[in-house]
Amino acid sequence: MDGLVAQCSARLLQQEKEIKSLTAEIDRLKNCSYLEASPSLEQLREENLKLKYRLNILRRSLQAERKRPTKNMININSRLQELFGCAIKAAYPDLENPPLVVTPSQQPKFGDYQCNSAMGISQMLKAKEQKVSPREIAENITKHLPNNEYIDRVEIAGPGFINVHLRKDFVSEQLTNLLVNGVQLPVLGENEKVIVDFSSPNIAKEMHVGHLRSTIIGESMSRLFEFAGYNVLRLNHVGDWGTQFGMLIAHLQDKFPDYLTVSPPIGDLQAFYKESKKRFDTEEEFKKRAYECVVLLQSKNPDIMKAWNLICDVSREEFNKIYDALDITLIERGESFYQDRMKDIVKEFEDKGFVQVDDGRKIVFVPGCSVPLTIVKSDGGYTYDTSDLAAIKQRLFEEKANKIIYVVDNGQATHFQTVFAAAQMIGWYDPKVTRVAHVGFGVVLGEDKKKFKTRSGETVRLMDLLEEGLRRSMDKLKEKERDKVLTEEELKAAQTSVAYGCIKYADLSHNRLNDYVFSFDKMLDDRGNTAAYLLYAFTRIRSIARLANIDEEMLQRAARETKIILDHEKEWKLGRCILRFPEILQKILDDLFLHTLCDYIYELATTFTEFYDSCYCVEKDRQTGKVLKVNMWRMLLCEAVAAVMAKGFDILGIKPVQRM
């Protein structure tokens, strides 16, 4: 609907410009004989009337759609942008792409939101030799604001800032809607498919701390897109093909010669890999056999394929232990899946004249990229470049993805830029239609600010890290004597929630492009922007109703019958903060930076604390502790905060508990 309005508006403006041009031309003509009716002008005027009529119908339909009750939360920022966009277009119809800047206000004295477009418009008019002050422009914009249900009043401040004050009834109604219908977004990705490529460890190698970020970020990104209504395919592009499998299979044949009939007890696959690598580097005969195994693997020899599957199964079992612990959902689709497509990929690039031969290699130069892609090695083998080209084509043409997101470290940025550019160059996708993005991230550092290693200098095993987290979180809970008030089951749930929640949050709360220091002491601190603090805050909020003997059924009834009052400044601040949730999620869907959600949840928790310290939810007798009065509208605000925090935690992959 919005798109049709915009399209008609653009056509209307174009027609009006043409009418002005023709009218001016007629006025300039001195010879009266030329002033006969212009068929061109009449045709434009008739078309213009039709467009205006159609536009009015569309606008009325849009307004009716807006007023229709919805179970979903509203993105208030987006709605205000639409209003100010209409006002600016009406006030300055001749300006092309005027700036539209609407943001939440940082201080209460500046209202709830601010429109800061006037300064930019002033500069645009100045370039057209029209000198108009930003303040005059702001006044003109406000005069053209359409009638709406959101805004109570606007004020012009300073040089031309437009301060927007929301209607209290509107905010109260939206909070009631949230409580009655739950935390729901409008369906943004209906019939759209998103592929998220993340984790991607190598077969026969253990997952280490380097895989942590991709796994955590990719899972959270997938959950966000699913919540927004997209059909999400989570792919684990494991390294399950290549020359290293030749040495692994040859070593398996030597160590477990009866592997075809008796399942080999490989056990420690990491040690098995190191043994085979040592032999590959030192034994020439073994190296020769390893290469022969690679050739047999590529030709799908049944015995060699069984050995390959055995090795993959052992790895998969170890990976799944970590995925189960962290509640990660993935579909494995490794490099082997794309092997049969490689030949056609090379042929397509050759047929279109993009391939050059360099020292026996087949390479592809991509405009704007400094390093060419190598799609065939000098020995005739394929490369990661070929594999990734085959993967992106399969995802675009067979999966029919609308968005593809690769969650891979910053070190691969140049590689992916080149692969994406090559896919565009050959015509596989148009970036204006299909979004293909590399979600890069920095490395995990130790407290010495160097790459996170064990004391012996080895890479930290991810399973060891998770077990250390469990131990430390239990120590923290016992230090706070929670073991004396929680049941054994509750204590175990709290231990897992804190351990894994803190590890995930410490990662996600940092700007992903930056390196971050891994510190259990910091992440388990229950002060500041940490999962420990937020999980404790959540359990405290959930306990307020319980301690006042108010159950879920009573809260649901109150949500339908009790108006949420927002007269106290802290009530108003909290109510507005709760309703910013959809605009926060929209921002992340646009820029793919999850730390924004962490910052928001922390802001929500601290805003709640301000509210709770200033506004009594439950009034008790100071001597007996007996509940004298329950301010139900405030209890409902508590529940709204908890509902939004719970959904935020869910997107981040964190499992809160009711008691801690």
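Each residue, glycine too, has its Cβ placed from N, Cα and C.
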L-arginine site partner of SER200, PRO201, ASN202, HIS211, TYR384, ASP388 (as recorded in Swiss-Prot), chosen from GLN184, GLN412: GLN412
Of 79-93, 529-543, 589-603, the range Swiss-Prot labels region 'Interaction with tRNA': 529-543
On the region 'Could be involved in the assembly of the multisynthetase complex' (1-72), the mean of the pLDDT values is 56
Cβ contacts of GLN412 (L-arginine binding site) (under 8 Å, same chain, 6 or more positions away): HIS438, GLY440
According to DSSP, how is the motif ''HIGH' region' (201-212) divided among helix, strand and coil residues? 4 helix, 2 strand, 6 coil
Same chain only, sequence gap of 6 or more: which residues have a CB within under 8 Å of the CB of SER200 (L-arginine binding site)? HIS211, SER214, ASN236, HIS237, VAL238, GLY239, VAL408
Greatest inter-residue Cα distance in Å for the L-arginine-binding set SER200, PRO201, ASN202, HIS211, TYR384, ASP388, GLN412: 19
All-chain count of other Cβ atoms within 10 Å of TYR384 (L-arginine binding site): 15
Within the region 'Interaction with tRNA' (529-543), residues counted as helix, strand or coil by DSSP: 13 helix, 0 strand, 2 coil
Does ASN202 (L-arginine binding site) have same-chain partners at least 6 apart in sequence with Cβ under 8 Å from its own Cβ, and which are they? VAL238, GLY239
Could you list the residues of the same chain, at least six apart in sequence, whose Cβ is under 8 A from the Cβ of ASP388 (L-arginine binding site)? HIS415, PHE416, VAL419
